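Asks: Can you read through this structure? Questions will come right after.
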Amino acid sequence: MMKMEFTAIGSSLILSLAITFMCGVAEIAPGLNCRSSDKILNRKVGKRSHSVSFPLIHIYSECSPFRPPNRTWESLMSEKIRGDANRLRFLKRTSRSSKQDANANVPVRSGSGEYIIQVDFGTPKQSMYTLIDTGSDVAWIPCKQCQGCHSTAPIFDPAKSSSYKPFACDSQPCQEISGNCGGNSKCQFEVSYGDGTQVDGTLASDAITLGSQYLPNFSFGCAESLSEDTSPSPGLMGLGGGSLSLLTQAPTAELFGGTFSYCLPSSSTSSGSLVLGKEAAVSSSSLKFTTLIKDPSIPTFYFVTLKAISVGNTRISVPGTNIASGGGTIIDSGTTITHLVPSAYTALRDAFRQQLSSLQPTPVEDMDTCYDLSSSSVDVPTITLHLDRNVDLVLPKENILITQESGLACLAFSSTDSRSIIGNVQQQNWRIVFDVPNSQVGFAQEQCAAPA
């Protein structure tokens, strides 16, 4: 059991902490001046292999230009959890359409994301914010005269880049995404979200700069229209395993060897890091690797085998581990909380409630196990995720309960009628390494950012 104390914090104290944090550290990248455990690096580790690290923050971080004014962190997290329903619909729809017809012509479909980095596009460089997302492939950024794009976000101007080239309708990249042209000779793309909002624009190529690496001919979408409900709207950098993602495009595939890692920060006043390349396993001595599984019909997603979950000493089996029959567990940076198949979630919830039987659970919207812990100190049962290859992830207390706008602390798990998904709350303050060439995912606990 873990001892957990919750104390109500007034908004004035939160603001004071934020100001102290923002003013007390040096800027490590334009616009991203939260403290990070990693500095920007670009280090040659072999004749043809490099690694580069980026500071990474939550889109609603105190450091983010996309944080809505006059909103608390708790209210924004509640909004993100509500958004998981859209993410789940997207994943379910993608899985169903792929199984029915792996060759069906469908528009580019994307997830969303919650963590942002900065990437330089064009010649000369134009610095852009992009969400990172393991559930997406094709990158896109807002371009000049984009309708509906975020008014305070940087906008890419293709006319100012000497290396910008739109793809023609008959080009291979256009065919890979089933792009359309209509009356336009340029390849048009469409990114659809689970809630029905979408991004439209031109599929193009241009140089990107990662660290000191200038990489020509990177394919991405130049967004010209975002529907009104797509907010906030930085760009997106797909880290999935499908066509045209950052990992699979040449020359990034050759440069980084299909390997990356991240450490996701757990608060609004801290930063983590994204590491691309074969040195992504920065904590190799403490990493534990489980098997990475791919479903050929939906190559974007990364699957692991979640065999069981323990609540304290109560072990619960997780059914549906067979990828071929539509099972398996997705590990996803763009889903907020962990969603389990109904039988596993019900057993986990009941075991958790039983071990907190002295408290009465209260439902909050879609979360059915919430507690008022504002003035109490309670023993919170540990939760352990049991993966194959004897990898056991004992979750820290911050990865088990999440404070809602109401002030109640809720179990950060829910039920889904699709595949199970390990969300980013459970991934926070872990170094997670996606070693795609060797079909493995590594885990090591890591404090993503030093205290402010």
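The first residue you see is number 1, and the count goes up from there.
Cβ coordinates are placed from backbone N, Cα and C, and glycine is handled just like the others.
Keep in mind the model is a prediction, meaning the values are calculated, not measured.
According to TrEMBL:
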ACT_SITE  ASP133  active site
ACT_SITE  ASP332  active site
DOMAIN    115-444  domain 'Peptidase A1'
SIGNAL    1-28  signal peptide
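Can you tell me where each of these features sits in the structure?
Replies: Note on ASP332 (active site): other Cβ atoms within 10 Å of its Cβ, all shown chains, come to 24.
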Asks: Once the chains shown are all counted, how many other Cβ atoms turn up within 10 Å of the Cβ of ASP133 (active site)?
Replies: 25
Asks: How does the model score the domain 'Peptidase A1' (115-444) in terms of mean pLDDT?
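Replies: A mean pLDDT of 89 is what the predicted model shows over the domain 'Peptidase A1' (115-444).
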Asks: How long is the line from the C-alpha of ASP133 (active site) to the C-alpha of ASP332 (active site), rounded to the nearest angstrom?
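Replies: Their Cα atoms are separated by 8 Å.
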